[in-house]
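S.K.: Pulled these features from Swiss-Prot for this protein:
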type: BINDING; residues: 19-26, 81-85, 136-139; note: GTP binding site
type: BINDING; residues: Thr26; note: Mg(2+) binding site
type: DOMAIN; residues: 10-209; note: domain 'tr-type G'
type: REGION; residues: 19-26; note: region 'G1'
type: REGION; residues: 60-64; note: region 'G2'
type: REGION; residues: 136-139; note: region 'G4'
Amino acid sequence: MAKQKFERTKPHVNVGTIGHVDHGKTTLTAAITKVLALQGAAQFVSYDQIDNAPEERARGITIAIRHVEYQTARRHYAHVDCPGHADYIKNMITGAAQMDGAILVVSAPDGPMPQTREHVLLARQVQVPAMVVFLNKVDMMDDEELLELVELELRELLSNHGFPGDEVPIVRGSALAALSSTSTDINAPEYKCILDLMNAVDEYIPTPVREIDKPFLMPIEDVFGIKGRGTVVTGRIERGKVKMGDTVEIIGMTHEAPRRTVVTGVEMFQKTLDEGIAGDNVGVLLRGIERTEVERGQVLAAPGSIKPHAKFKANVYVLKKEEGGRHTPFFSGYRPQFYIRTTDVTGAIHLPEGVEMVMPGDNIEMTVELIVPVAIEEGLRFAIREGGRTVGAGVVSAIVD
């Protein structure tokens, strides 16, 4: 069967359901595909198909994750749902499936629960830009005042974690009523909450800035000296674009200030390129730079767009021994390797006050101090390695130095 062509007619946005176990994330995901399928804008994916999610590997970690896709009149969406709580944490930290926005699912009879808080905190730390709330199972509550109290509590929780709690749309409904309805009429009352939710997601979650429109950044993977022409660095452009004549900085892996140089050529597959853009694997020719003055692990970037740092806070998931991780806990002062972009850098871990040790399977915020500064920013993801195997995954939550 011929593959369908992906038509890029609408802006593409990545979303996902988050929230406490059994509050209805998977039921809601299935209900969205069901209701939008009535408009021909999705393929229905059942609860069981989502619940039995396939496993994927990201940064050496196995995660059960289900991707569904659907469209509204305005956008094309990729939506992720994870069956288990640990899978959520691993997904958010590894960025296996990036989220441009999240749908926080909260059961009205229960209100916000521990995992509700944990997912909101993580969403903040991994820089999920916006959130919409689906207040589920409202058909089990007949007291309007209680519903309003739950909404107030949710807005307060969001505000406490750095989201604009007063502005976040809260849509009430019942995902199960929508999913189990036999009606084929899109205007059936039980489908209204799903359409209202998608409208809120369309309106409130911003269309992400395309990577190509951000300042140029390319992690350096390899360095070659070319006789008579100078030094070429190769890598995959992470964001932005680059062309001959651009001024760039070489950042990280040294205690000296970043060096500026001028791009004298861009090549791809041995051919000259007018302009390299995000996603391209390119070679960049640099003026006046010796082969020995640049190395793997540094980045090439638009001047002033990213700075080298050695000390930062990070949210980390520590692999269990069944996942190939450590068998024993570690303590403050532990010195593993941090695999950042294209290379390993040694660093020391400082645990928060009152935390004695970290067990395999834990999710924790810690401070990391690298032996040499590298180009780092909030939201950057990394792996923690020991003797070449991955023992943890992390995301930078704040720069300290």
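Along the chain as shown, residues are numbered 1 onward.
Any Cβ shown, glycine's included, is placed from N, Cα and C.
Because the structure is a prediction, the values reported are computed rather than measured.
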S.K.: Using DSSP and three states only, what is Asp22 (GTP binding site)?
M.R.: coil
S.K.: Using DSSP and collapsing to three states, where does Val138 (GTP binding site) fall: helix, strand or coil?
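M.R.: Its secondary structure by DSSP: helix.
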S.K.: Return one of helix, strand or coil for Cys82 (GTP binding site), based on DSSP.
M.R.: coil
S.K.: Quick one: DSSP breakdown of the region 'G2' (60-64) into helix, strand and coil?
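M.R.: When I sort the residues of the region 'G2' (60-64) into the three classes, I find 0 helix, 4 strand, 1 coil.
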S.K.: Where Gly19 (GTP binding site) and Thr26 (Mg(2+) binding site) are concerned, what is their Cα separation in Å, rounded?
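M.R.: Thr26 (Mg(2+) binding site) has its Cα 10 Å from the Cα of Gly19 (GTP binding site).
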